[in-house]
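These features come from TrEMBL:
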- 6-29: transmembrane segment (TRANSMEM)
- 41-65: transmembrane segment (TRANSMEM)
- 71-93: transmembrane segment (TRANSMEM)
- 113-137: transmembrane segment (TRANSMEM)
- 149-178: transmembrane segment (TRANSMEM)
- 190-208: transmembrane segment (TRANSMEM)
Amino acid sequence: MPTLTTVSLFLFTALGLLFIPGPSVLFIMTRSMDGGKRAGAISALGIGAADLIHTTAAAFGLSALLMTSALAFSFVKYLGAAYLIYLGLRTLLRHDEPHSTEKEKPQTIPRMFFQGMTVELFNPKTALFFLAFLPQFVNPSHGMVTLQFLIFGSLFAILGLCSLTFYGLLSGAIATLLKKNTHFQRFHRYVTGSIYIALGLTAAFAGSEKK
């Protein structure tokens, strides 16, 4: 098992990384501004679940296999980017009907969860991050390497979930106040859609940063 010193160092480093907002934070904030605090929180759960899957894959060597195949890496990367761009285009093409008596059907919990999980799961840079970050704290002399991977990865996923949920609740609360303004609704739709598309393009062409 990892020592208390190693775990403390890991937590300190992880909090430092999560303190700096990145693509995941921007996605959750945009999701909350668009669908409310509930949508942001549930999407954050989806991202947390995807991080646990990435952790398991890294622990059992599956992520390493992904990194050795340029074709597989590119396929996963562009699939995730395409999904983000799809969300952006769908948002931009959505009609504003502030005076309509028929309310837009709210998204279901599984759908909101799936959106967050899909965005994170099909981001090979996340797998690359776990492969590069977690081994820095794994010591074979402290027990099973696989178990240590799972422990550190789970801790990071939990901390990440708390961070994303905070950003989601905050941006959702702000959006609730601003959405009362009719002019803001249209502006918000264009900004939200553009951010989704920008995230997709960044995922497709940027380097290997995480969160």
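From the backbone N, Cα and C atoms, a Cβ is placed for every residue, glycine too.
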For the transmembrane segment (71-93), out of 41-65, 113-137, 149-178, 190-208, most C-beta pairs under 8 A are with 190-208
The transmembrane segment (149-178): which same-chain residues, six or more beyond its ends, come within Cβ distance under 8 Å?
1-2, 7, 10-11, 14-15, 18-19, 21, 24-25, 28-34, 36-41, 43-45, 47-48, 51-52, 54-56, 58-59, 130, 133-134, 137-138, 184, 188, 211
Distant-in-sequence neighbours of the transmembrane segment (190-208), which means Cβ under 8 A and at least six residues beyond its ends
23, 26-27, 30, 33-34, 77-78, 80-85, 87-92, 123, 125, 128-129
